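Per TrEMBL, the feature domain 'Deacetylase sirtuin-type' maps to 1-277. Annotation comment: TrEMBL describes H115 as active site, proton acceptor. Taken from TrEMBL, the feature Zn(2+) binding site covers C123, C126, C178, C181.
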Amino acid sequence: MMSIATRGSNLRTIGLSTDSGIPDYRGDQGTYVRNPRHRPILYHELLSSHLYRQRYWSRSYLGWPKMSQALPNGSHHALVLLMTQSPYIQNIITQNVDYLHTKANTPVERLLELHGTLYKVECMDCDAEYDRTLYQHRIHARNPAWNALLGGETKINPDGDVELPDGVAYDDFDIPPCTSCGSQKMKPKVVFFGENIKPHITKRAEQLVNDCSAVVIIGSSLATYSSYRLIRMAHQQNKPIGILTKGPTRADSLMTWKGEVGCTPVLVELSRRLKGTIETTKT
């Protein structure tokens, strides 16, 4: 991996947060494995149906305490060290929406959240933005009957909501409206399945790929086209591509190098060696 990373690479991270207690979708303990019947809410459903929005926000409300308390793991901290104390990693492009890269103090100007962040809420009618923690307080105040379910033994999904039993009624869940226009068409500022990535985000991601000399993928199967197309771009530009993940990926045929091991032990060891090198140089 180091031979790839020394080229001033960009990094893509997706399954990096599993060691922080946040599952991925397609890993061996992912949401689709735990619950083969799981089907995430699609963007057009969220946009067109108030009942779907009630379903989403009720489950997100119950999942937020666990999601918001998740902490960066060794991989996040190792990447910050590699970014700030070496020339190995120039930028990070992540599809994770959990904010853990930011919590780990990743330089904000060198981090691109391709699919947004759960820590912001937006109005689908007027684009007003809100802090997710403050929005949670508003949800809490408007839904006393749901408050008893907080802290239950529910498992969160990668996007921060929880699975609830079949038959749960959502039609009494009161979604706090936008304070700017009064609309209840609210969503977290993340890209839902079937939703397009904002053009300026796509342009930024493409620019990062164009500017780098190599790409390293960590913890991803590259199943979504938004990530796969960027790797294809790098391959078409004859740039080295390394991947560190368990299991097959959509782009295995494009790889220069692949390691089928867990992310955290490798990244922590790399950062430990780098830290030792820095300290030796200083002395």
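In case you wondered, yes, glycine gets a Cβ from its N, Cα and C as well.
Reported as a whole number, the C-alpha separation between C123 (Zn(2+) binding site) and the residue listed as 'active site, proton acceptor' equals 17 Å. Taking the centre of the Cβ atoms of C123, C126, C178, C181 as the Zn(2+) site, the nearby residues of that chain (Cβ within 8 Å, site residues left out) are M124, D125, D127, A128, P177, T179, S180, G182, S183, K185.
If you take the Cα of H115 (active site, proton acceptor) and the Cα of C181 (Zn(2+) binding site), they are about 25 angstrom apart, rounded to a whole number.
Listed in sequence order, the residues of the same chain lying 6 or more apart from C126 (Zn(2+) binding site) and placing their CB within less than 8 Å of its CB are C178, S180, C181, S183.
Look at C126 (Zn(2+) binding site): DSSP puts it in coil. Other C-beta atoms found within 10 angstroms of the C-beta of C123 (Zn(2+) binding site) number 20, with every protein chain shown included. Under the three-state DSSP scheme, C181 (Zn(2+) binding site) falls in the coil class.
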